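**Student:** Here it is: the structure, laid out below.
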Amino acid sequence: MQRIIGTEVEYGISSPSDPTANPILTSTQAVLAYAAAAGIQRAKRTRWDYEVESPLRDARGFDLSRSAGPPPVVDADEVGAANMILTNGARLYVDHAHPEYSAPECTDPLDAVIWDKAGERVMEAAARHVASVPGAAKLQLYKNNVDGKGASYGSHENYLMSRQTPFSAIITGLTPFLVSRQVVTGSGRVGIGPSGDEPGFQLSQRSDYIEVEVGLETTLKRGIINTRDEPHADADRYRRLHVIIGDANLAETSTYLKLGTTALVLDLIEEGPAHAIDLTDLALARPVHAVHAISRDPSLRATVALADGRELTGLALQRIYLDRVAKLVDSRDPDPRAADIVETWAHVLDQLERDPMDCAELLDWPAKLRLLDGFRQRENLSWSAPRLHLVDLQYSDVRLDKGLYNRLVARGSMKRLVTEHQVLSAVENPPTDTRAYFRGECLRRFGADIAAASWDSVIFDLGGDSLVRIPTLEPLRGSKAHVGALLDSVDSAVELVEQLTAEPR
């Protein structure tokens, strides 16, 4: 497997000592405190390069018009515009009223788990650093998707695809998969409906906020398929599939399967026709209704209607995708990572079919439901009890000593796929097999000489009359194998840029 993938997570934020605190301000404090603790002076903080951003470009071939006026100019010093690129190649910034960690590009789904988990440690450290500032309010950060008051914030996934793949084929092939995968990838939620007012438990935190089948926007009229066409790469060759329907996961198996199975289904969409594998027979009659119906049935027995009249459960749909992906994987050269994803996927589906609680050491929603059921029985509570919402929230607390997920890990009740050493290394270091290596190492070695950066560029300020932009439009270039020796051979940013911009002989 070598598909470029990555995650971006907006974290929930609260200030228990000051409930009226402005979340934009507290999110800004979190990002700036982390920057200060990393020894980055404000004047030398690398800015984000917004020049290549085009969030209103639609994959269906048009640009969504702004309501009025020209594109806004972002002042990097404004409250709410705090932004930094980390030495691991990630982006840490304020998105709306939340601190967001956008992980660096990876090619291996297990690596993506590691660098996504590193984001949790970054956020924990950010809150800790804010607490060390005299007079600053204490912050608590949560890796979740709902605030309990009707708002949802995103945990998005990104997958690089061939531009040659028709977007209509992506919609057809991916929609039933995304609708049904929540039986594996849901993080669990107390409450039904956007505000969570109706008592009960559901699989996904995100499902109640999905309103349309296909759409460009991410904060309203959210679609099962998002159409943002912003590849952050060579637009003639690539598209970036931006997936917004997913939950913020803490369980490593949930994240691994979320990313790994989706990447393999995209292989199926791109390569399936050559292997006589068709997905059109899985079209759903009412996809948005199906998202809600599957999420609201933790017994996993709810069925949804297909366009051809069949009724299938979410598990049955996942089983069909598994079988077709397995057929594709078997037809290719041996790929240990793809084989492991298929094996893990099959194992989890078997356990969910037998008893979802058999997955309580692997997946988020069964783990959370087991905690909640135990608490309900001990305290004789119904699903309408407000204290259950607090347990739900505490599960996602990023503090290692307080978060209920992290406490399950500490006592051996949640299976890990990666080591803490790998996670802590990923906090500081980039993946070695993508352009994130070049970005992160440039920040580490020459941070004072970098004016700005983005996913597809690094901009150097070498003291001359103009800045120097080094494009990184090819995601697999800029790896350690590609530029490691070059970076080791130079002593300054000036030397590096001279080498990169020299005319070939």
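Counting begins at 1 with the first residue displayed.
Each residue, glycine too, has its Cβ placed from N, Cα and C.
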**Student:** Among His96, His98, His156, indicate the single residue that Swiss-Prot lists for the Mg(2+) 2 site containing Glu8, His242.
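**Tutor:** Swiss-Prot names His156 for this Mg(2+) 2 site.
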**Student:** Which of these, Arg239, Arg240, Arg286, does Swiss-Prot list as part of the ATP site with Gly6, Thr7, Glu8, Val9, Glu10, Ser102, Ala103, Asn158?
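**Tutor:** For the ATP site that includes Gly6, Thr7, Glu8, Val9, Glu10, Ser102, Ala103, Asn158, Swiss-Prot also lists Arg240.
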**Student:** I'd like to know which of the binding-site residues Gly6, Glu10, Ala103, His156, Arg240, His242 sit within 10 A of Asp95 (active site, proton acceptor) at the Cα level.
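**Tutor:** Checking Cα-Cα distances against Asp95 (active site, proton acceptor), the binding-site residues within 10 Å turn out to be Glu10.
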**Student:** In whole Å, note down how far the CA of Tyr93 (Mg(2+) 1 binding site) lies from the CA of Arg240 (ATP binding site).
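**Tutor:** Here the two Cα atoms are 21 Å apart.
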**Student:** Would you mind pulling the DSSP three-state label for Asp95 (active site, proton acceptor)?
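**Tutor:** For Asp95 (active site, proton acceptor) - judged by DSSP and reduced to three states - the answer is strand.
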**Student:** The record lists Gly6, Thr7, Glu8, Val9, Glu10, Ser102, Ala103, Asn158, Arg240 as binding ATP. What's the largest Cα to Cα distance among them, in Å, rounded to a whole number?
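**Tutor:** Max span of the ATP binding residues, Cα based, is 19 Å.
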**Student:** Going by Cα-Cα distance, which of the binding-site residues (Tyr93, Glu100, His242) sits nearest to Glu8 (ATP binding site)?
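**Tutor:** Out of the listed candidates, the nearest Cα belongs to Glu100.
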